[in-house]
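These notes concern the structure reproduced below.
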Amino acid sequence: MELEARAEPRSPRAGRGEEEEDEDEELRLAKRRKVLCSEFAAVTSSDEAVASGFLAGSGWHLERALDAYFEAPMNEQTTAAAAGGGSAGPGSCIDLTADDTASNTSSSGADSKQQDDDSSFSLITWNIDGLDLGNLQERARGVCSYLALYSPDVVFLQEVIPPYLCILQRRAGGYTIIPGNVDGYFTAMLLKKPRVKVLKQEIIRFPTTSMMRNLLVVHVNISGNELCLMTSHLESTRDHSKERMKQLQIVLNKMQEESQSTTVIFGGDTNLRDSEVAKLGGLPKNITDIWEFLGKPQHCRYTWDTSSNTNLRIESKCKLRFDRLYFRPAAEGGHIIPRNMDLIGLEKLDCGRFPSDHWGLLCRFDVIL
């Protein structure tokens, strides 16, 4: 015998309360989806209609939607834009993965030659300005093009954001990628496979930072030599000079604590002024500023130069050596020696902007066998 289920009567006031909660939840969901659409559109240079289509198809998961977008052939991206009532736009014709095969083919000769040559290795450090979402897709492609061109063994990056990390993970398949965080903006280290063998890693948080800054430390082996690699983005702006100096002291202490049999290289966007280093009494005797070690070459002195780099479009013209590389050789002989240094990222892209508001630093090292 079936019994008819009857709902118990509820008061009109209780019903209104539940309806209001439902409406609030729907409003929060709508706002969240609008933010996701804006972020997707900014990264891909598409419109919100395209963003909505890819996000909806990926369960409103931003990273999955970006993966789907960058994996899609260009005609599918254009079709999605047309279906959404918008145009693909100038940015959406840039597919970061379309020329993967060509890039890998063109650089394979250089890669194999460098892997066979254990007498040298190269390193790039670069603040890629991921916080600037303008032309982000094309600027990211520009950075990846430099990585393909120079094929560095080690890359230090600062101001990486999650969508940019997705691009790097898809584009730089020949590298082990170690991020210093996964939220907000952070540093990342790229280590070429299989030449650079990762031994261990750690993240040291700066205890009094107000900008989520930390020190990413990775121990590796290159050509039989053990290295301790470190990168960081020290506290920004002139007003945070004291905090920046505290962070620098933590970095220098960590460099000195490492085993004397290990070569230590630190690099990143330090935001340092020379006067701040002087206030700390200069660098320890066993730690060298590589730019100074190489004779202070003027062509690569200023890595943040608003007189030449117009990305920020600010009227004041500043030239500062924010991006630096420090070196502590192994005590058991000079197995690794800095050879030269150059700036990269000096050419404007088709969008009329540079890959970043910072120039990158490319440094080459000799390995004494």
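For all residues, glycine too, the Cβ spot is worked out from N, Cα and C.
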> Per Swiss-Prot, which of 32-36, 127-131, 312-316, 337-341 is region 'Interaction with 5' end of substrate DNA'?
Replying inline: 127-131
> region 'Interaction with 5' end of substrate DNA' per Swiss-Prot sits at which of 233-238, 281-286, 353-358?
Replying inline: 233-238
>> Give me the CA-CA distance between F322 (site 'Interaction with 5' end of substrate DNA') and W304 (site 'Interaction with 5' end of substrate DNA'), in Å, as a whole number.
In response: 6
> Hey, how far is H358 (site 'Interaction with 5' end of substrate DNA') from D129 (Mg(2+) binding site), Cα to Cα, in Å?
Replying inline: 8
> Counting every protein chain present, what is the number of Cβ atoms, excluding its own, within 10 Å of the Cβ of D269 (active site, proton donor/acceptor)?
Replying inline: 26
>> Would you identify which of the recorded sites Y185, F322 has the most other C-beta atoms lying within 10 angstroms of its C-beta?
In response: F322
>> A 10 Å Cβ contact count, applied to the binding-site residues D129, E159: which residue has the minimum?
In response: E159
> In sequence order, which same-chain residues at least six apart have a C-beta under 8 angstroms from W304 (site 'Interaction with 5' end of substrate DNA')?
Replying inline: C318, K319, L320, R321, F322, D323, D357, H358, W359
